[in-house]
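Input: a single structure, listed below in structure tokens.
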Amino acid sequence: MGDLEASSTPITPRPNSMAHTPQSSAPITPRNMSMAPSPYITSAPHSQFHSPSLSRSPLLSTPDHPVPSKTPTAKTPSRTPNFISRNITPRFLTPLGSPLRKALHLTKLNPQDAWLPITESRNGNAYYAGFHTLCSGIGIQALVLPIAFTILGWAWGVILLTIAFVWQLYTLYLLVELHEDLDKGVRYSRYMQLAAATFGEKMSKLLALFPIGYLSMGTCVALVIIGGSTCKTFYQIVCGPTCTSQPLTPVEWYLVFTSVAVVLSQLPNLNSIAGVSLVGAITAVGYSTFIWTVSVSEGRIPGVAYNPVLTGSQIEKIFSILNAVGIIAFAFRGHNLILEIQATMPSDEKHPSRVPMWKGVRVSYTIIALCLFPLAIGGYWAYGQLIPPTNGGILTALYVLHGRDTARWLLGMISLLVIINALSSFQIYAMPMFDDLESTYTTRFKGPCPWWLRVILRAIFGYFCFFIGVAMPFVASFAGLIGGISLPVTLAYPCFMWLKIKKPKVYGPVWWLNWFLGILGICLSALLVAASLYVVIDTGVEYSFFKPT
């Protein structure tokens, strides 16, 4: 990246320095680039250009690294030939170099980003992006999709699931395109940075900070609950009905799961967990495929019905339908990680990161669709209204309704895959929280976080999630509420971000589409949150504080 473009016309260097020779009126012959390299250009490695880690780039003026000013020693000509200015301009300064200084006030990028987990390494590629996206896109949220079908029925269940999938894929494309602003020379490496550039610092904290934090930490808590409970189930399956050994308590299983997750969380940055995400992606595809194929192959449960479960008054029926829509929205909640995943890739104006990122996203979401739709449709076909509305969804239905008809080794394999996937998903969903915790230290002390402090911070976060999971084991019952809260991050905010940053033609098709989807997403989010709260209060949730099962 530090190499300069060669001129298309052979150029002969001057024998004497221009600083000591009077300038004549004859046309200027530019110097050969290889004979006069600029120390400000060639001193930085490729991965540092166009990076939010501004203090690492010698091209940018920062308090610690001022750019020296050059005092001309001779009168410059009134006009420089175009071919000269084109040849002596380093390619990495156009358009991502010089305009970056003008855009700093928009993003307020942290110069300590080089020390933070998300932007510490920028060696990612399309494969890494696919691993991360697939691991975060399939997970425990897919297991509750058949519950939405019990309320919506066949037709509306399939229609709304398809609409939600297409909608979230469109907004995901917007985020991938918005990651880099070539005109301003800015990379938005975190969702909050893009939100701040769109809504302003204060408004972005009000609108996006809580949903993003809730998605990251809330998902980690749910993973502790699901992972710990599945560990208990796995032990019971392997041990068998005649087992006489004393099993661990649910709290102890939660602790075992959390301890393993904390050990894995010591991997330093987002790029370093690509292998973990690959394992998580493989296990997610594996258990999703096993669950729906076993459920369908074993046949429908006798007496299964497909009539939507809608009881009570008209308002109760409406709220039940909205809660089901929230469950579908809950299945697509990985958008808060897309910009962070793309931030791990190198980028320049000729090879922007959006190209490999979108390539990885297309492949991963094709696989996600091949997992989610059969899981939702096949699970509902097999169990119908018998799917339990809480505590694992189709996974619990498989254990309870088909447990005796299914080989024990297969049930054990499914449980083990769920546990491994939960451990892998914990790492990628916790990474934004680790990044935020370490940014507090790097901002204050102007240096990287020591390894021992990083270990302590990540252990504290992991065991705090364990404490919340033990204190409130019923969190997994709020799938509709979580979906309603996270819906703007996934379906609404990207549309407003596109309108503000890209500025499409007013009253054009793209302008109308984004305004419509953005407003619809905000209204739908408010309705889903209200409906989910009503359903939780009306149907009742067993608030068993500090009593995990």
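Start at 1 and count along the chain as shown; that gives each residue its number.
Using N, Cα and C of the backbone, Cβ positions are placed for all residues, glycine too.
Taken from TrEMBL, the feature compositional bias 'Polar residues' covers 1-27 (among others).
The region 'Disordered' annotation in TrEMBL covers 1-82.
Feature annotation from TrEMBL assigns compositional bias 'Polar residues' to 40-50 (among others).
The compositional bias 'Low complexity' annotation in TrEMBL covers 51-63.
Summarising the annotation, TrEMBL assigns compositional bias 'Polar residues' to 70-82 (among others).
The domain 'Amino acid transporter transmembrane' feature in TrEMBL is assigned to 123-537.
Taken from TrEMBL, the feature transmembrane segment covers 126-148 (among others).
The feature transmembrane segment is assigned by TrEMBL to 154-176 (among others).
Residues or ranges marked as transmembrane segment by TrEMBL: 206-226 (among others).
Tertiary neighbourhood of the transmembrane segment (251-267): same-chain residues 223-225, 227-229, 231-232, 235, 273, 276, 419, 422-423, 426-427, 430, 434, 454-455, 458-459, 461-463, 465-466, 469-470, 548, selected by CB-CB distance under 8 Å and a gap of 6+ residues from either end. The transmembrane segment annotation in TrEMBL covers 251-267 (among others).
Listed by sequence, the residues of this chain that lie at least six past the ends of the transmembrane segment (274-294) yet keep a Cβ under 8 A from its Cβ atoms are 124, 127-128, 130-132, 134-136, 138-139, 142-143, 264, 267, 364, 367, 371-372, 374-375, 378-379, 394-395, 398, 402, 406, 410, 413-414, 417-418, 420-421, 423-425, 427-428. The transmembrane segment annotation in TrEMBL covers 274-294 (among others).
The feature transmembrane segment is assigned by TrEMBL to 314-332 (among others). Long-range neighbours of the transmembrane segment (314-332) within the same chain, counting only residues 6 or more positions beyond its ends whose Cβ lies under 8 Å from a Cβ of the stretch, are 137, 141-142, 144-145, 147-152, 157, 160-161, 164-165, 168, 372, 479-484, 486-487, 490-491, 524, 527-532, 534-535, 538.
What TrEMBL lists as transmembrane segment is 363-383 (among others).
Here TrEMBL flags 409-430 (among others) as transmembrane segment. Remote same-chain residues near the transmembrane segment (409-430) are listed as 132, 135-136, 138-140, 215-216, 219-220, 223-224, 226-227, 230-231, 233-234, 237-238, 257, 260-261, 264-265, 267, 270, 273, 276-277, 279-281, 283-284, 286-287, 290-291, 294, 337, 395, 398-399, 403, 458, 461-462 (criterion: CB distance under 8 Å, separation of at least six residues from the stretch ends).
Tertiary neighbourhood of the transmembrane segment (451-472): same-chain residues 217, 220-225, 228, 251, 254-255, 258, 261-262, 265-266, 268, 430, 433-434, 437-438, 441, 545-546, 548, selected by CB-CB distance under 8 Å and a gap of 6+ residues from either end. According to TrEMBL, the transmembrane segment annotation covers 451-472 (among others).
As annotated by TrEMBL, transmembrane segment applies to 478-499 (among others).
Ranking 126-148, 154-176, 206-226, 478-499 by CB pairs under 8 A with the transmembrane segment (363-383) puts 126-148 at the top.
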